[in-house]
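Following: one structure in C-alpha coordinates, then a few remarks.
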(Lines of atoms letter the chains of each structure in order from A and count residues from 1; the text may use other names and numbers.)
(Lines give C-alpha, C1' and ligand atoms only; values in the text may rest on other atoms or scores of the structure.)
Protein backbone atom coordinates (compact mmCIF):
# COMPACT_ATOMS: atom_id res chain seq x y z
CA UNK A 1 0.00 0.00 0.00
CA UNK A 2 1.26 3.47 -0.87
CA UNK A 3 1.89 5.70 2.16
CA UNK A 4 0.25 9.13 2.43
CA UNK A 5 3.46 10.99 1.59
CA UNK A 6 3.98 8.93 -1.54
CA UNK A 7 0.42 9.67 -2.66
CA UNK A 8 1.10 13.35 -2.16
CA UNK A 9 4.33 13.08 -4.18
CA UNK A 10 2.43 11.40 -6.99
CA UNK A 11 0.23 14.53 -7.18
CA UNK A 12 3.18 16.92 -6.97
CA UNK A 13 5.58 15.31 -9.45
CA UNK A 14 5.61 14.37 -13.14
CA UNK A 15 5.34 10.64 -13.71
CA UNK A 16 9.04 10.18 -14.58
CA UNK A 17 10.23 12.08 -11.52
CA UNK A 18 7.75 10.30 -9.24
CA UNK A 19 8.98 6.88 -10.40
CA UNK A 20 12.56 7.84 -9.42
CA UNK A 21 11.42 8.66 -5.86
CA UNK A 22 9.08 5.67 -5.59
CA UNK A 23 12.04 3.38 -6.37
CA UNK A 24 13.56 4.39 -3.01
CA UNK A 25 11.74 2.43 -0.30
CA UNK A 26 12.02 5.02 2.47
CA UNK A 27 8.87 6.53 4.03
CA UNK A 28 10.98 9.01 6.07
CA UNK A 29 12.45 10.39 2.86
CA UNK A 30 9.02 10.46 1.20
CA UNK A 31 7.42 12.50 3.98
CA UNK A 32 10.36 14.95 4.10
CA UNK A 33 10.14 15.52 0.33
CA UNK A 34 6.34 15.81 0.28
CA UNK A 35 6.35 18.37 3.09
CA UNK A 36 9.02 20.59 1.55
CA UNK A 37 7.92 20.42 -2.09
CA UNK A 38 4.46 21.58 -0.94
CA UNK A 39 5.95 24.32 1.20
CA UNK A 40 8.45 25.67 -1.37
CA UNK A 41 5.92 25.57 -4.25
CA UNK A 42 8.32 25.07 -7.20
CA UNK A 43 6.77 25.13 -10.66
CA UNK A 44 8.87 22.13 -11.71
CA UNK A 45 10.80 19.36 -9.91
CA UNK A 46 13.73 17.35 -11.28
CA UNK A 47 15.05 14.31 -9.41
CA UNK A 48 18.70 13.39 -10.03
CA UNK A 49 19.72 9.75 -10.04
CA UNK A 50 23.33 8.60 -10.42
CA UNK A 51 23.06 8.70 -14.22
CA UNK A 52 25.31 10.76 -16.47
CA UNK A 53 22.15 12.09 -18.21
CA UNK A 54 20.90 13.69 -14.98
CA UNK A 55 24.27 15.30 -14.36
CA UNK A 56 24.31 16.61 -17.92
CA UNK A 57 20.79 18.00 -17.41
CA UNK A 58 21.98 19.95 -14.35
CA UNK A 59 25.03 21.30 -16.23
CA UNK A 60 22.77 22.45 -19.04
CA UNK A 61 20.27 24.05 -16.64
CA UNK A 62 23.05 26.00 -14.87
CA UNK A 63 23.83 27.59 -18.25
CA UNK A 64 20.18 27.88 -19.33
CA UNK A 65 19.18 29.75 -16.16
CA UNK A 66 22.24 31.99 -16.40
CA UNK A 67 23.79 30.87 -13.11
CA UNK A 68 26.90 29.78 -15.00
CA UNK A 69 28.45 30.92 -18.26
CA UNK A 70 30.81 29.11 -20.59
CA UNK A 71 34.46 30.14 -20.76
CA UNK A 72 36.84 29.73 -23.69
CA UNK A 73 38.34 26.45 -22.45
CA UNK A 74 36.04 23.49 -22.97
CA UNK A 75 34.25 22.29 -19.76
CA UNK A 76 35.14 25.51 -17.90
CA UNK A 77 32.32 27.74 -16.62
CA UNK A 78 32.10 30.84 -14.42
CA UNK A 79 29.55 31.64 -11.71
CA UNK A 80 29.03 34.95 -9.89
CA UNK A 81 27.57 35.59 -6.46
CA UNK A 82 26.08 38.89 -5.37
CA UNK A 83 28.76 41.51 -4.58
CA UNK A 84 27.69 41.33 -0.92
CA UNK A 85 27.32 37.52 -0.85
CA UNK A 86 30.98 36.50 -1.09
CA UNK A 87 31.73 34.66 2.13
CA UNK A 88 30.27 32.54 4.91
CA UNK A 89 27.69 34.66 6.73
CA UNK A 90 28.70 33.98 10.33
CA UNK A 91 26.13 36.37 11.80
CA UNK A 92 23.15 34.67 10.15
CA UNK A 93 24.48 31.10 10.43
CA UNK A 94 22.85 29.73 13.56
CA UNK A 95 22.67 26.38 15.30
CA UNK A 96 19.08 25.63 16.27
CA UNK A 97 19.11 24.02 19.71
CA UNK A 98 16.52 23.12 22.35
CA UNK A 99 15.79 25.91 24.86
CA UNK A 100 18.41 26.28 27.58
CA UNK A 101 21.29 24.63 25.64
CA UNK A 102 24.61 26.38 26.35
CA UNK A 103 27.35 26.06 23.71
CA UNK A 104 30.28 28.47 24.34
CA UNK A 105 31.77 30.27 21.27
CA UNK A 106 28.81 29.20 19.12
CA UNK A 107 26.00 31.20 17.52
CA UNK A 108 22.86 29.42 18.73
CA UNK A 109 19.14 30.12 18.56
CA UNK A 110 16.09 28.59 20.19
CA UNK A 111 15.02 25.81 17.83
CA UNK A 112 11.30 26.59 17.79
CA UNK A 113 11.92 30.27 16.98
CA UNK A 114 14.45 29.44 14.28
CA UNK A 115 12.23 26.90 12.54
CA UNK A 116 9.29 29.31 12.63
CA UNK A 117 11.38 32.09 11.07
CA UNK A 118 13.02 30.00 8.34
CA UNK A 119 9.72 28.37 7.35
CA UNK A 120 8.17 31.81 7.01
CA UNK A 121 11.04 33.01 4.81
CA UNK A 122 10.92 29.87 2.64
CA UNK A 123 7.14 29.67 2.16
CA UNK A 124 6.56 29.69 -1.61
CA UNK A 125 10.14 30.88 -2.23
CA UNK A 126 10.44 28.63 -5.33
CA UNK A 127 7.36 29.84 -7.19
CA UNK A 128 8.21 30.02 -10.89
CA UNK A 129 11.46 28.09 -10.31
CA UNK A 130 12.74 24.57 -10.80
CA UNK A 131 13.59 22.45 -7.77
CA UNK A 132 16.47 19.97 -8.11
CA UNK A 133 16.64 16.98 -5.76
CA UNK A 134 20.04 15.29 -5.45
CA UNK A 135 21.22 12.23 -3.52
CA UNK A 136 24.82 11.97 -2.31
CA UNK A 137 26.99 10.21 0.24
CA UNK A 138 29.71 11.54 2.52
CA UNK A 139 32.69 9.19 2.55
CA UNK A 140 33.08 6.14 0.26
CA UNK A 141 29.93 4.22 -0.71
CA UNK A 142 28.84 1.06 1.07
CA UNK A 143 31.35 1.51 3.88
CA UNK A 144 31.43 1.93 7.65
CA UNK A 145 32.11 5.63 6.95
CA UNK A 146 29.14 6.26 4.61
CA UNK A 147 26.63 8.97 5.55
CA UNK A 148 23.81 9.49 3.02
CA UNK A 149 22.42 12.98 2.33
CA UNK A 150 19.67 14.54 0.26
CA UNK A 151 19.83 18.08 -1.17
CA UNK A 152 16.88 20.22 -2.27
CA UNK A 153 17.88 23.39 -4.15
CA UNK A 154 16.54 25.74 -6.81
CA UNK A 155 20.11 26.47 -7.93
CA UNK A 156 21.52 24.34 -10.74
CA UNK A 157 24.93 25.82 -9.81
CA UNK A 158 24.68 24.31 -6.31
CA UNK A 159 23.67 20.90 -7.67
CA UNK A 160 26.43 21.07 -10.32
CA UNK A 161 28.98 21.89 -7.57
CA UNK A 162 27.84 18.92 -5.50
CA UNK A 163 28.23 16.57 -8.46
CA UNK A 164 31.88 17.69 -8.65
CA UNK A 165 32.50 17.50 -4.89
CA UNK A 166 30.61 14.39 -3.69
CA UNK A 167 29.93 10.78 -4.51
CA UNK A 168 26.50 10.20 -6.02
CA UNK A 169 24.10 8.46 -3.64
CA UNK A 170 20.82 7.62 -5.39
CA UNK A 171 21.62 3.91 -5.66
CA UNK A 172 22.91 3.98 -2.07
CA UNK A 173 19.53 5.35 -0.89
CA UNK A 174 17.82 2.52 -2.79
CA UNK A 175 20.16 -0.02 -1.18
CA UNK A 176 19.68 1.35 2.35
CA UNK A 177 15.87 1.23 2.29
CA UNK A 178 13.85 2.71 5.18
CA UNK A 179 16.59 4.43 7.22
CA UNK A 180 16.30 7.70 9.15
CA UNK A 181 20.07 7.96 9.11
CA UNK A 182 20.39 10.58 6.33
CA UNK A 183 21.23 14.30 6.42
CA UNK A 184 18.84 16.80 4.82
CA UNK A 185 19.53 20.13 3.11
CA UNK A 186 16.98 22.64 1.85
CA UNK A 187 18.30 25.63 -0.11
CA UNK A 188 16.81 28.44 -2.13
CA UNK A 189 18.76 31.26 -3.75
CA UNK A 190 15.55 33.27 -3.42
CA UNK A 191 14.65 36.03 -5.83
CA UNK A 192 17.43 36.72 -8.36
CA UNK A 193 18.56 40.04 -9.88
CA UNK A 194 19.38 40.60 -13.55
CA UNK A 195 22.84 39.01 -13.02
CA UNK A 196 21.13 35.90 -11.63
CA UNK A 197 22.47 36.49 -8.12
CA UNK A 198 20.52 36.40 -4.83
CA UNK A 199 18.71 39.68 -4.29
CA UNK A 200 17.16 39.65 -0.80
CA UNK A 201 20.33 39.45 1.27
CA UNK A 202 18.53 41.06 4.23
CA UNK A 203 16.65 37.74 4.47
CA UNK A 204 19.79 35.60 4.13
CA UNK A 205 19.62 32.80 6.70
CA UNK A 206 21.60 29.58 7.25
CA UNK A 207 19.92 27.63 10.04
CA UNK A 208 21.29 24.28 11.19
CA UNK A 209 18.76 22.12 13.03
CA UNK A 210 20.89 19.87 15.23
CA UNK A 211 17.88 17.89 16.46
CA UNK A 212 16.54 16.85 13.05
CA UNK A 213 19.93 16.91 11.23
CA UNK A 214 18.56 19.32 8.63
CA UNK A 215 20.11 22.53 7.27
CA UNK A 216 18.07 25.34 5.73
CA UNK A 217 19.66 28.14 3.73
CA UNK A 218 17.84 30.94 1.95
CA UNK A 219 18.61 34.05 -0.12
CA UNK A 220 22.28 33.23 -0.68
CA UNK A 221 24.38 31.50 -3.35
CA UNK A 222 27.92 31.65 -1.93
CA UNK A 223 29.24 28.06 -1.78
CA UNK A 224 30.04 27.99 1.94
CA UNK A 225 26.45 28.98 2.75
CA UNK A 226 24.69 26.72 0.27
CA UNK A 227 26.70 23.62 -0.72
CA UNK A 228 24.89 21.50 1.83
CA UNK A 229 27.36 18.67 2.07
CA UNK A 230 30.37 20.90 2.73
CA UNK A 231 30.62 22.98 5.90
CA UNK A 232 26.89 22.70 6.65
CA UNK A 233 26.97 18.89 6.81
CA UNK A 234 30.26 19.18 8.70
CA UNK A 235 28.46 20.65 11.71
CA UNK A 236 26.02 17.75 11.69
CA UNK A 237 28.76 15.13 11.35
CA UNK A 238 30.78 16.66 14.23
CA UNK A 239 27.75 16.21 16.46
CA UNK A 240 27.30 12.65 15.22
CA UNK A 241 31.00 11.82 15.70
CA UNK A 242 31.03 13.07 19.30
CA UNK A 243 27.86 11.10 20.02
CA UNK A 244 29.25 7.89 18.47
CA UNK A 245 32.93 8.13 19.51
CA UNK A 246 34.76 8.89 16.23
CA UNK A 247 36.28 12.05 14.71
CA UNK A 248 34.87 14.34 12.01
CA UNK A 249 37.68 16.80 11.29
CA UNK A 250 38.63 19.88 9.26
CA UNK A 251 41.80 18.26 7.90
CA UNK A 252 43.60 17.36 4.72
CA UNK A 253 44.53 13.73 4.11
CA UNK A 254 47.78 13.08 2.25
CA UNK A 255 50.34 10.38 1.57
CA UNK A 256 53.99 11.02 2.33
CA UNK A 257 56.29 8.70 0.41
CA UNK A 258 58.99 7.19 2.62
CA UNK A 259 62.10 5.12 1.86
CA UNK A 260 61.79 1.99 -0.31
CA UNK A 261 58.27 2.74 -1.53
CA UNK A 262 56.77 3.04 1.95
CA UNK A 263 53.44 4.92 2.09
CA UNK A 264 52.53 6.83 5.25
CA UNK A 265 49.30 8.81 5.59
CA UNK A 266 48.91 12.08 7.50
CA UNK A 267 45.94 14.25 8.38
CA UNK A 268 46.49 17.98 8.90
CA UNK A 269 44.42 20.73 10.55
CA UNK A 270 45.51 24.28 9.74
CA UNK A 271 43.49 27.50 10.13
CA UNK A 272 43.26 29.58 6.94
CA UNK A 273 46.51 31.14 5.69
CA UNK A 274 48.61 28.64 7.69
CA UNK A 275 49.83 26.52 4.77
CA UNK A 276 47.24 23.73 4.59
CA UNK A 277 46.79 23.56 0.82
CA UNK A 278 50.47 24.09 0.00
CA UNK A 279 51.37 21.22 2.37
CA UNK A 280 48.77 18.84 0.93
CA UNK A 281 49.92 19.74 -2.61
CA UNK A 282 53.69 19.21 -2.34
CA UNK A 283 54.42 17.90 -5.86
CA UNK A 284 56.29 14.71 -4.96
CA UNK A 285 53.82 13.57 -2.30
CA UNK A 286 50.21 12.49 -2.94
CA UNK A 287 46.87 14.05 -2.10
CA UNK A 288 43.82 12.15 -0.88
CA UNK A 289 41.76 15.15 0.27
CA UNK A 290 42.22 18.82 1.08
CA UNK A 291 39.50 19.69 3.60
CA UNK A 292 37.35 17.18 5.51
CA UNK A 293 38.03 13.71 6.95
CA UNK A 294 36.24 11.08 8.98
CA UNK A 295 38.51 9.06 11.31
CA UNK A 296 37.27 5.84 12.90
CA UNK A 297 38.73 3.15 15.13
CA UNK A 298 38.75 -0.02 13.03
CA UNK A 299 40.23 -2.96 14.98
CA UNK A 300 42.27 -0.63 17.19
CA UNK A 301 43.73 1.36 14.29
CA UNK A 302 42.77 4.96 13.38
CA UNK A 303 41.65 4.91 9.76
CA UNK A 304 40.65 7.97 7.73
CA UNK A 305 38.67 8.75 4.59
CA UNK A 306 38.16 11.89 2.57
CA UNK A 307 34.52 12.90 3.00
CA UNK A 308 34.57 14.41 -0.51
CA UNK A 309 35.86 13.66 -4.02
CA UNK A 310 36.50 17.25 -5.11
CA UNK A 311 38.06 20.57 -4.18
CA UNK A 312 36.27 23.88 -3.51
CA UNK A 313 39.47 25.90 -3.32
CA UNK A 314 40.48 29.53 -2.88
CA UNK A 315 42.01 30.67 -6.17
CA UNK A 316 43.68 33.89 -4.97
CA UNK A 317 47.48 33.75 -5.19
CA UNK A 318 47.63 30.47 -7.11
CA UNK A 319 50.56 30.84 -9.51
CA UNK A 320 52.70 28.61 -11.68
CA UNK A 321 55.84 28.82 -9.53
CA UNK A 322 54.38 28.09 -6.09
CA UNK A 323 51.44 25.87 -7.06
CA UNK A 324 52.49 23.94 -10.18
CA UNK A 325 49.94 21.15 -9.76
CA UNK A 326 46.86 23.32 -9.14
CA UNK A 327 48.00 25.66 -11.93
CA UNK A 328 48.21 22.72 -14.32
CA UNK A 329 44.70 21.53 -13.32
CA UNK A 330 43.21 25.03 -13.75
CA UNK A 331 44.62 25.23 -17.28
CA UNK A 332 43.50 21.80 -18.47
CA UNK A 333 40.18 20.90 -20.17
CA UNK A 334 38.64 19.23 -17.10
CA UNK A 335 35.29 20.22 -15.65
CA UNK A 336 35.79 23.34 -13.48
CA UNK A 337 33.47 26.01 -12.10
CA UNK A 338 35.31 29.28 -11.44
CA UNK A 339 33.49 31.70 -9.15
CA UNK A 340 33.88 35.46 -8.62
CA UNK A 341 36.97 35.81 -10.84
CA UNK A 342 37.64 38.40 -13.56
CA UNK A 343 36.71 37.25 -17.07
CA UNK A 344 37.96 38.88 -20.26
CA UNK A 345 37.47 37.33 -23.71
CA UNK A 346 36.37 34.05 -22.14
CA UNK A 347 39.49 33.65 -19.98
CA UNK A 348 39.50 33.71 -16.15
CA UNK A 349 41.96 35.90 -14.18
CA UNK A 350 42.55 36.24 -10.46
CA UNK A 351 44.61 38.26 -7.99
CA UNK A 352 48.18 37.07 -7.49
CA UNK A 353 48.25 34.67 -10.45
CA UNK A 354 51.69 35.94 -11.44
CA UNK A 355 50.79 37.04 -14.97
CA UNK A 356 49.47 40.32 -16.30
CA UNK A 357 45.78 40.88 -15.56
CA UNK A 358 43.62 42.86 -18.05
CA UNK A 359 42.51 46.39 -17.10
CA UNK A 360 38.84 45.63 -17.69
CA UNK A 361 36.37 42.78 -18.00
CA UNK A 362 33.57 41.32 -15.91
CA UNK A 363 33.79 40.24 -12.29
CA UNK A 364 31.68 39.89 -9.13
CA UNK A 365 30.85 43.61 -9.30
CA UNK A 366 29.55 43.43 -12.90
CA UNK A 367 31.40 45.36 -15.60
CA UNK A 368 34.85 46.08 -14.12
CA UNK A 369 37.72 48.43 -14.88
CA UNK A 370 40.92 49.13 -12.96
CA UNK A 371 40.22 51.72 -10.27
CA UNK A 372 36.47 50.95 -10.05
CA UNK A 373 35.08 51.62 -6.56
CA UNK A 374 32.10 50.14 -4.75
CA UNK A 375 29.28 51.98 -2.93
CA UNK A 376 31.50 52.30 0.18
CA UNK A 377 34.28 53.89 -1.89
CA UNK A 378 36.56 50.82 -1.65
CA UNK A 379 38.56 49.94 -4.75
CA UNK A 380 37.37 46.68 -6.28
CA UNK A 381 40.17 44.18 -7.08
CA UNK A 382 40.05 42.10 -10.30
CA UNK A 383 38.77 39.04 -8.42
CA UNK A 384 37.30 38.65 -4.95
CA UNK A 385 39.80 37.48 -2.33
CA UNK A 386 37.47 34.55 -1.64
CA UNK A 387 37.04 33.66 -5.35
CA UNK A 388 36.98 29.88 -5.83
CA UNK A 389 37.44 26.97 -8.18
CA UNK A 390 35.42 23.75 -7.95
CA UNK A 391 36.92 20.63 -9.52
CA UNK A 392 37.04 16.86 -9.03
CA UNK A 393 40.15 15.41 -7.38
CA UNK A 394 40.53 12.96 -10.27
CA UNK A 395 41.86 15.93 -12.28
CA UNK A 396 44.97 16.05 -10.05
CA UNK A 397 47.95 14.05 -11.33
CA UNK A 398 49.17 13.52 -7.73
CA UNK A 399 45.91 11.97 -6.48
CA UNK A 400 46.19 8.72 -4.51
CA UNK A 401 43.10 7.24 -6.15
CA UNK A 402 43.22 3.95 -4.27
CA UNK A 403 43.23 5.73 -0.89
CA UNK A 404 40.36 7.99 -2.00
CA UNK A 405 38.08 5.05 -2.80
CA UNK A 406 39.14 2.50 -0.16
CA UNK A 407 35.94 1.72 1.82
CA UNK A 408 38.10 0.93 4.88
CA UNK A 409 40.04 4.19 4.64
CA UNK A 410 43.79 4.42 5.22
CA UNK A 411 45.76 4.05 8.43
CA UNK A 412 46.64 7.42 9.96
CA UNK A 413 50.37 7.44 10.72
CA UNK A 414 50.47 11.02 11.96
CA UNK A 415 48.23 14.01 12.66
CA UNK A 416 49.58 17.50 12.07
CA UNK A 417 48.35 20.74 13.66
CA UNK A 418 49.58 23.81 11.79
CA UNK A 419 49.62 27.15 13.57
CA UNK A 420 50.95 30.54 12.53
CA UNK A 421 53.06 32.72 14.80
CA UNK A 422 56.25 34.75 14.38
CA UNK A 423 57.99 33.84 17.64
CA UNK A 424 56.64 30.86 19.64
CA UNK A 425 56.32 27.42 18.05
CA UNK A 426 59.35 25.84 16.30
CA UNK A 427 58.91 24.76 12.64
CA UNK A 428 58.10 21.15 13.58
CA UNK A 429 57.86 19.07 16.72
CA UNK A 430 56.33 15.81 17.91
CA UNK A 431 54.20 15.39 21.01
CA UNK A 432 55.22 13.12 23.90
CA UNK A 433 51.94 11.19 23.60
CA UNK A 434 48.31 11.44 22.43
CA UNK A 435 47.01 13.61 25.31
CA UNK A 436 49.99 15.96 25.12
CA UNK A 437 49.46 16.42 21.39
CA UNK A 438 45.68 16.84 21.52
CA UNK A 439 45.92 19.48 24.27
CA UNK A 440 49.13 21.47 23.70
CA UNK A 441 49.04 21.31 19.88
CA UNK A 442 45.43 20.79 18.74
CA UNK A 443 43.42 22.46 21.50
CA UNK A 444 45.97 25.30 21.71
CA UNK A 445 46.07 26.08 17.98
CA UNK A 446 46.40 29.78 17.15
CA UNK A 447 46.99 31.68 13.95
CA UNK A 448 48.27 35.21 13.73
CA UNK A 449 45.76 37.16 11.64
CA UNK A 450 47.14 38.26 8.31
CA UNK A 451 46.06 40.87 5.82
CA UNK A 452 43.89 38.22 4.18
CA UNK A 453 41.63 37.77 7.18
CA UNK A 454 39.40 40.51 8.48
CA UNK A 455 40.30 42.24 11.71
CA UNK A 456 43.61 43.55 12.96
CA UNK A 457 46.86 42.16 11.66
CA UNK A 458 49.14 40.54 14.20
CA UNK A 459 46.39 39.35 16.57
CA UNK A 460 46.55 35.66 17.52
CA UNK A 461 43.25 34.02 16.73
CA UNK A 462 42.43 31.00 18.89
CA UNK A 463 41.17 28.17 16.68
CA UNK A 464 41.39 24.73 18.32
CA UNK A 465 41.81 21.95 15.73
CA UNK A 466 40.93 24.68 13.16
CA UNK A 467 37.30 23.81 13.87
CA UNK A 468 35.92 26.73 15.90
CA UNK A 469 33.81 28.15 13.05
CA UNK A 470 32.13 24.78 12.52
CA UNK A 471 31.75 23.38 16.02
CA UNK A 472 28.23 22.21 16.84
CA UNK A 473 28.81 20.67 20.28
CA UNK A 474 30.21 21.95 23.56
CA UNK A 475 33.99 22.35 23.20
CA UNK A 476 34.48 20.29 26.38
CA UNK A 477 32.55 17.35 24.90
CA UNK A 478 34.49 17.70 21.65
CA UNK A 479 37.88 17.57 23.41
CA UNK A 480 36.82 14.74 25.74
CA UNK A 481 35.79 12.65 22.72
CA UNK A 482 39.19 13.37 21.11
CA UNK A 483 41.10 12.23 24.20
CA UNK A 484 38.99 9.09 24.61
CA UNK A 485 39.26 8.21 20.93
CA UNK A 486 43.06 7.98 21.23
CA UNK A 487 42.93 5.94 24.43
CA UNK A 488 40.82 3.24 22.80
CA UNK A 489 43.31 2.68 19.96
CA UNK A 490 45.81 -0.17 20.04
CA UNK A 491 48.02 1.82 17.68
CA UNK A 492 47.96 5.58 18.23
CA UNK A 493 48.94 8.00 15.45
CA UNK A 494 51.81 10.31 16.34
CA UNK A 495 50.86 13.96 16.74
CA UNK A 496 52.96 16.81 15.33
CA UNK A 497 52.74 20.60 15.34
CA UNK A 498 54.19 22.83 12.63
CA UNK A 499 54.69 26.57 12.19
CA UNK A 500 56.00 27.82 8.84
CA UNK A 501 55.94 31.50 9.82
CA UNK A 502 58.75 32.22 12.30
CA UNK A 503 60.30 35.66 11.82
CA UNK A 504 63.36 37.42 13.18
CA UNK A 505 63.96 41.14 12.56
CA UNK A 506 61.10 41.10 10.05
CA UNK A 507 62.68 38.27 7.98
CA UNK A 508 61.17 34.82 7.53
CA UNK A 509 63.32 32.10 9.11
CA UNK A 510 62.10 29.46 6.66
CA UNK A 511 61.59 29.21 2.94
CA UNK A 512 58.31 28.05 1.41
CA UNK A 513 59.49 24.56 0.50
CA UNK A 514 61.15 23.78 3.85
CA UNK A 515 57.84 22.18 4.84
CA UNK A 516 58.65 19.34 2.42
CA UNK A 517 61.58 18.46 4.70
CA UNK A 518 59.45 18.59 7.85
CA UNK A 519 57.04 16.10 6.21
CA UNK A 520 59.85 13.66 5.41
CA UNK A 521 61.13 13.95 9.00
CA UNK A 522 57.65 13.28 10.39
CA UNK A 523 57.33 10.24 8.11
CA UNK A 524 60.61 8.85 9.47
CA UNK A 525 59.49 9.52 13.07
CA UNK A 526 56.22 7.62 12.56
CA UNK A 527 58.36 4.54 11.86
CA UNK A 528 61.02 5.40 14.49
CA UNK A 529 63.71 5.58 11.79
CA UNK A 530 65.43 8.65 13.29
CA UNK A 531 66.04 9.87 16.81
CA UNK A 532 64.96 13.24 18.21
CA UNK A 533 65.85 15.77 20.90
CA UNK A 534 63.62 15.87 23.96
CA UNK A 535 62.60 19.44 24.85
CA UNK A 536 60.05 20.78 27.37
CA UNK A 537 57.47 21.05 24.56
CA UNK A 538 57.99 17.73 22.75
CA UNK A 539 60.56 16.14 20.45
CA UNK A 540 62.36 18.21 17.81
CA UNK A 541 64.59 17.01 14.94
CA UNK A 542 68.36 16.59 15.34
CA UNK A 543 70.48 18.85 13.16
CA UNK A 544 72.32 15.91 11.59
CA UNK A 545 69.09 14.34 10.34
CA UNK A 546 67.74 17.60 8.90
CA UNK A 547 71.04 18.32 7.17
CA UNK A 548 70.74 15.01 5.30
CA UNK A 549 67.05 15.58 4.48
CA UNK A 550 67.59 19.13 3.15
CA UNK A 551 70.20 17.74 0.79
CA UNK A 552 68.02 14.75 -0.25
CA UNK A 553 64.68 16.56 -0.60
CA UNK A 554 65.60 20.09 -1.71
CA UNK A 555 69.20 19.59 -2.80
CA UNK A 556 70.39 22.43 -0.59
CA UNK A 557 72.68 23.02 2.36
CA UNK A 558 71.19 23.58 5.79
CA UNK A 559 73.39 25.49 8.22
CA UNK A 560 73.79 24.98 11.96
CA UNK A 561 72.98 28.70 12.39
CA UNK A 562 69.63 28.37 10.59
CA UNK A 563 68.78 25.26 12.59
CA UNK A 564 69.62 26.97 15.88
CA UNK A 565 67.53 30.06 15.07
CA UNK A 566 64.55 28.00 13.97
CA UNK A 567 64.53 25.37 16.70
CA UNK A 568 65.57 27.32 19.79
CA UNK A 569 63.11 27.04 22.67
CA UNK A 570 61.60 30.48 23.24
CA UNK A 571 60.68 30.35 26.94
CA UNK A 572 58.94 33.75 27.49
CA UNK A 573 56.76 33.33 24.40
CA UNK A 574 55.88 29.72 25.25
CA UNK A 575 54.87 30.68 28.80
CA UNK A 576 52.77 33.58 27.48
CA UNK A 577 51.00 31.15 25.15
CA UNK A 578 50.16 28.74 27.97
CA UNK A 579 48.69 31.67 29.94
CA UNK A 580 46.61 32.76 26.93
CA UNK A 581 45.20 29.29 26.32
CA UNK A 582 44.56 28.71 30.05
CA UNK A 583 42.59 31.98 30.28
CA UNK A 584 40.42 31.01 27.31
CA UNK A 585 39.41 27.64 28.76
CA UNK A 586 39.33 28.52 32.47
CA UNK A 587 35.91 30.26 32.58
CA UNK A 588 34.19 27.51 30.56
CA UNK A 589 32.32 24.74 32.38
CA UNK A 590 32.77 21.10 31.43
CA UNK A 591 36.36 21.31 30.09
CA UNK A 592 38.23 17.99 30.62
CA UNK A 593 40.54 18.17 33.64
CA UNK A 594 43.34 16.72 31.48
CA UNK A 595 43.52 20.00 29.56
CA UNK A 596 44.65 21.97 32.61
CA UNK A 597 46.88 19.10 33.79
CA UNK A 598 48.73 18.95 30.44
CA UNK A 599 49.16 22.73 30.31
CA UNK A 600 50.44 22.74 33.91
CA UNK A 601 52.94 19.94 33.19
CA UNK A 602 54.17 21.82 30.12
CA UNK A 603 54.55 25.04 32.12
CA UNK A 604 56.54 23.19 34.78
CA UNK A 605 58.89 21.62 32.21
CA UNK A 606 59.49 25.02 30.57
CA UNK A 607 60.21 26.71 33.92
CA UNK A 608 62.65 23.94 34.90
CA UNK A 609 64.47 24.34 31.58
CA UNK A 610 64.65 28.11 32.10
CA UNK A 611 66.31 27.58 35.50
CA UNK A 612 68.98 25.53 33.80
CA UNK A 613 69.47 27.22 30.41
CA UNK A 614 67.88 30.69 30.47
CA UNK A 615 65.14 32.29 28.35
CA UNK A 616 66.26 31.14 24.90
CA UNK A 617 67.54 27.59 24.76
CA UNK A 618 69.69 26.30 21.92
CA UNK A 619 68.61 22.87 20.67
CA UNK A 620 72.29 21.86 20.85
CA UNK A 621 72.21 22.45 24.63
CA UNK A 622 69.38 19.91 24.96
CA UNK A 623 70.95 17.23 22.76
CA UNK A 624 72.04 14.37 24.97
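Note: Cβ is positioned from N, Cα and C throughout, glycine not excepted.
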If Swiss-Prot says 222, 223, 224, 272, 386, 387, 388 bind substrate, which of 75, 88, 525 does it name for the same site?
88
For the GTP site that Swiss-Prot lists with 273, 274, 275, 276, 277, 278, 388, give the additional residue from the candidates 243, 303, 370, 420.
420
Using a 10 Å cut-off between Cα atoms, which of these binding-site residues sit near residue 276 (GTP binding site): 88, 223, 231, 291, 386, 388?
291
Cβ neighbours within the same chain of residue 224 (substrate binding site) - under 8 Å, at least six residues apart:
87, 88, 230, 231
How many Å lie between the Cα of residue 275 (GTP binding site) and the Cα of residue 291 (Mn(2+) binding site)?
12
Any idea which of the binding-site residues 273, 274, 387 has the thinnest Cβ neighbourhood at 10 Å?
273
Have a look around residue 223 (substrate binding site) and count the other CB atoms within 10 A of its CB, chains all included.
24
Whole-number Å distance between the CA of residue 277 (GTP binding site) and the CA of residue 387 (substrate binding site)?
15
Rounded Cα separation (Å) that holds between residue 291 (Mn(2+) binding site) and residue 273 (GTP binding site):
14
Find the one among the binding-site residues 222, 223, 250, 386, 387 whose C-alpha lies closest to that of residue 274 (GTP binding site).
250
